[in-house]
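Asker: Feature annotation from TrEMBL assigns ATP binding site to Gly347, Gln348, Thr349, Gly350, Ser351, Gly352, Lys353, Thr354. Annotated domain 'Kinesin motor' per TrEMBL: 262-411, in sequence order.
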Amino acid sequence: MLDRRSTLLDLSTSQSPRFPFDAAAAAAVDNDYPETPEYFRQQRNKRIPTVPRVSPLHAKAMPSSSSSAASPLFKAADQQSFLQSRVHSLTQALIKSNQHHKRTQEHLTWALEEHAMVQLEKQQLQAQLSRVMALQHGKELDRAPPPMPSFDENDDSDVDMMQDIQGDDRATEQSVGMIQSTAALAQHLRQDNDALKAAFSSHVMEMQRAMTQMTISLHQAQARNTLLAHSDADVAALRATCASLHADRKRLHNTIQELRGNIRVYCRVRPVLKLQHGACAAIRVESDTRVVVTQHSPNGSTVSQDTVFDVDKVFDQHHSQHDVFTEVQPLITSALDGYNVCVLAYGQTGSGKTHTMLGSLESDEGDRRSEAQHINKSLLALRHVLLQLKNKQEYVSYRDSKLTLLLQDAI
């Protein structure tokens with residue numbers, strides 16, 4: 001059995017007790033280890049800035065005609081560099097958090113060991129206190145009142161024993177107080193450790209989510225860059241193919257027109273007017289390419305003379321304006337392709353030249369003329385764009401989008 005009497009006396013008289021913990025020491029155990037849950041959260045907010053959330057619709061800027069292919073590549077490269085730097089910073093923050101967690105675990109282990117030692121010391125002191133109290137109680141019961149007149153050395157020894165017991169009681173009370181303070185400190189450290197564990201776990205989960213999101217964003221940016229590169233190559237190839245096909249179309253179309261004849265003659269016979277019903281017809285259509293003109297004498301004394309004319313196409317009274325336009329429409333296409341074209345209406349007064357060139361009022365009703373659809377298409381598209389700009393509309397119709405793209409620098 002250990003003798004705790006000298007130990008208790010040493011604890012009561014020592015200037016530096018074995019367990020120097022009090023209420024002030026519970027707030028900060030070590031000057032080199034000042035972290036608390038609130039401190040850890042502040043450091044986490046300093047290390048990890050908020051990841052910006054930018055909507056792709058607001059991030060897109062309308063590229064110009066000269067930099068429409070290069071601008072997305074630069075933006076994707078900048079975004080990729082930003083994401084790589086963010087991954088590096090988050091990795092460094094995770095390493096520092098792991099070191100912080102390791103120090104916390106070491107501190108908790110030391111606190112638990114100290115708590116175990118304090119508990120063992122407490123048990124030993126309680127056992128010693130029980131023995132002292134039992135001994136004191138037995139002495140008080142067995143002690144007879146000494147005779148008043150007789151005092152010897154034994155009385156001095158009893159007084160010394162009582163003083164020793166009282167000193168032991170005071171030392172025991174001090175030890176119990178220090179044990180309670182140590183237990184409170186251990187409980188406080190345990191709570192701080194639990195809070196740090198929870199904060200560290202949430203911090204690690206948040207970093208993992210951020211790294212996962214940035215990895216996904218990086219992969220998406222790389223996929224967009226690859227797709228954009230392929231798309232640019234496809235667009236360039238399609239433009240080259242379209243230009244080649246357009247050149248072939250122009251060449252073949254105008255070759256066909258040259259084969260049909262650089263100079264063509266068409267004849268159109270106007271209908272008979274109401275005032276001319278019953279008169280002899282002077283023009284007779286024999287086929288699609290032949291017309292016969294009969295010259296009658298004024299008094300009918302001489303024989304009529306027929307003159308035959310062969311032309312490229314004959315339009316009789318039953319042909320409409322649409323039939324005439326269908327015949328000359330390829331020439332309009334050649335004119336739009338840049339070739340010199342001339343359509344000449346020739347004839348005497350009243351033969352129907354104006355009607356052939358302009359048509360009648362009845363043909364203006366309904367849809368727009370076929371002539372206007374081909375000749376004045378650019379002017380109509382320009383008019384639509386100007387009206388939409390004047391009315392401050394937010395969009396332009398799809399059929400005018402090509403003209404809008406050509407005029408975007410001027411607009």
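For all residues, glycine too, the Cβ spot is worked out from N, Cα and C.
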Asker: Within 8 Å of the Cβ centre of Gly347, Gln348, Thr349, Gly350, Ser351, Gly352, Lys353, Thr354, which other residues of the chain have their Cβ, at the recorded ATP site?
Answerer: Arg270
Asker: Can you see whether DSSP assigns Lys353 (ATP binding site) to helix, strand or coil?
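Answerer: DSSP assigns Lys353 (ATP binding site) to helix.
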Asker: So, three-state DSSP: helix, strand or coil for Gly347 (ATP binding site)?
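Answerer: Coil, per DSSP.
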Asker: In this structure, which of the binding-site residues Gln348, Ser351, Thr354 has the fewest other Cβ atoms within 10 Å of its Cβ?
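Answerer: Among the binding-site residues Gln348, Ser351, Thr354, the lowest count of other Cβ atoms within 10 Å belongs to Gln348.
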Asker: Can you tell me the mean pLDDT for the domain 'Kinesin motor' (262-411)?
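Answerer: In the predicted model, the domain 'Kinesin motor' (262-411) has a mean pLDDT of 74.
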